[in-house]
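What Swiss-Prot records for this protein:
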type	residues	note
DOMAIN	29-149	domain 'MTTase N-terminal'
BINDING	Cys38, Cys78, Cys112	[4Fe-4S] cluster 1 binding site
DOMAIN	172-401	domain 'Radical SAM core'
BINDING	Cys186, Cys190, Cys193	[4Fe-4S] cluster 2 binding site
DOMAIN	404-474	domain 'TRAM'
Amino acid sequence: MNEDMMTEAERASIAADGTDSLLGERGKGVFHIHTLGCQMNVHDSERIAGVLEANGYVPATEDQINDNDLDLLVLNTCAVRENAAERMYGTIGRFNRVKLVRPNLQIAVGGCMAQLDRKKIADTAPWVSAVFGTKNIEDLPKLLDQNRATGKAQVQVTEQLRQFPSQLPAARASRISSWVAISVGCNNTCTFCIVPTTRGKEKDRRPGDILDEIRQCVAGGAKEVTLLGQNVNSFGYGIGDRYAFSKLLRACGTIDGLERVRFTSPHPAAFTDDVIAAMAETPNIMHQLHFPLQSGSDRILRAMRRSYRSAKFLDILGRIREAMPDAQISTDIIVGFPGETEEDFQQTMDVVRQARFSSAFTFIYSPRPGTPAAAMEQIPRDVVQDRFDRLVALQEQITEENLATFEGRDVEVMITGKLGKKDTDTHRVTGREKTGVLVHIGVPEGEPVPEIGDFVTVTVTHAGRHNLLADPDVAAGQTYSVRH
């Protein structure tokens, strides 16, 4: 959700950097982190930044990034898609072009691809200074020091998690929205997924530690928190408490000043009525849900080792919407999984028609090395592309129809940014309403202009293909009000 992220310049302007006066304005070096992948990687990048700042490094401003006036570039990689390696090596190659004009530039590579390809990275890209994994973020400053001292690439990737990344210092990318990890890793064995290999088995944090972190975020100005985990609703299963996640959601409702709570991602097999009730009954839990379907074919779901079937999936959706009629539910769908027939694909299309997702992250299947599905017989690319195009067209139609239902309604939007370089002249702001839909707002003449983090109740005047527009006419009785 890039709209609620601060720029590097904003982050640099508010960072409490106690080391600058001791080390000079560049500290041990000016750094920039380039993040690929999911929300967990964004969370980890905040920890990487926090560890670096705690060790005397200084975050780059936008001007420094644009001018390549950098001492350290960090790439936090993703391994989920087939082109992950291509993206990683392509980015490392671009970093090397910067190093050619800044010979003292250090380049560090971390994240899931580093966890998988640690040695290959150092061999293929000898200009890389350090390689570190998902489980030893805290080692990065030491590796950089060793590289400076020896001139040799430092590769250190651990298989055992020594401490939760959430226990490390954080340089949060947003003043108002915070990522809070409740677990790391995954115990599922989906045949297409590389995450258990890169992140390991699921480990849950203590609920008290999670709630303490949330309170700290709120004390620092956060108004919204997103709880993160590969499978959030199996939280607590390891200690035998199958109600731990719903208890955590309800506990979030007791935190003063916490306006909005979201979470991602749940697994349909573990999504239970107590979680639905907690969402419906806790005022600051938003009625937004990312609910991965992957396929509407029971045969393909079995081949994927997804421990639910389409009927159960739709039944859960029905219970969610009965409890929360306004719920906006998005999903993930893989097209072209090995062995998928046209009949299987049509079953997916049927489920999409019934589910009426607010949006869908739709992917062409890509084999990941070492996963069971990679060894299965693959489907011709042209067949998969045709199916993909048909599914995207169907979902876009449903999305547009869903957004159209917002026209004329009043929604409360948390402001997360300004629109365009001339926003101070046009007074256009952007944010998300309670169920996560992006809303672009035109501030009526003479009305107060909201700041980032303010809440605006406004009448939606137009639905776009992927967002809503609100250009209210206050004189005609349409709504516009700001809450700080």
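Each residue, glycine too, has its Cβ placed from N, Cα and C.
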- Note on the structure: Counted with DSSP (H/G/I as helix, E/B as strand, rest coil), the domain 'MTTase N-terminal' (29-149) has 65 helix, 25 strand, 31 coil
- Measure from the CA atom of Cys112 ([4Fe-4S] cluster 1 binding site) to the CA atom of Cys190 ([4Fe-4S] cluster 2 binding site) and give the result in Å, rounded to a whole number. 17
- Under 8 Å Cβ-Cβ from Cys38 ([4Fe-4S] cluster 1 binding site), six or more apart in the same chain: what's there? Cys78, Val80
- Cys112 ([4Fe-4S] cluster 1 binding site), number of other Cβ atoms within 10 Å: 27
- Message: Residues other than Cys38, Cys78, Cys112 within 8 Å, Cβ to Cβ centroid, of the [4Fe-4S] cluster 1 site?
- Response: Leu36, Gly37, Met40, Asn41, Thr77, Ala79, Val80, Ala84, Gly111, Met113, Thr198
- Message: For the C-alpha pair, I'd like the distance in angstrom between Cys112 ([4Fe-4S] cluster 1 binding site) and Cys193 ([4Fe-4S] cluster 2 binding site), rounded off.
- Response: 12
- For Cys186 ([4Fe-4S] cluster 2 binding site), the same-chain residues 6+ apart in sequence with C-beta under 8 angstroms from its C-beta are Cys193, Val195, Pro196, Arg199, Lys201, Glu202, Gln230, Asn231
- Predicted model, mean pLDDT over the domain 'TRAM' (404-474): 92
- Surrounding the recorded [4Fe-4S] cluster 2 site, with Cβ no more than 8 Å from the Cβ centroid of Cys186, Cys190, Cys193 and those residues left out, we find Asn188, Thr189, Phe192, Ile194, Val195, Pro196, Gln230
- Query: For the domain 'TRAM' (404-474), what are the DSSP-based totals of helix, strand and coil residues?
  - Reply: 6 helix, 30 strand, 35 coil
- Number of other Cβ atoms within 10 Å of the Cβ of Cys193 ([4Fe-4S] cluster 2 binding site) across all protein chains: 21
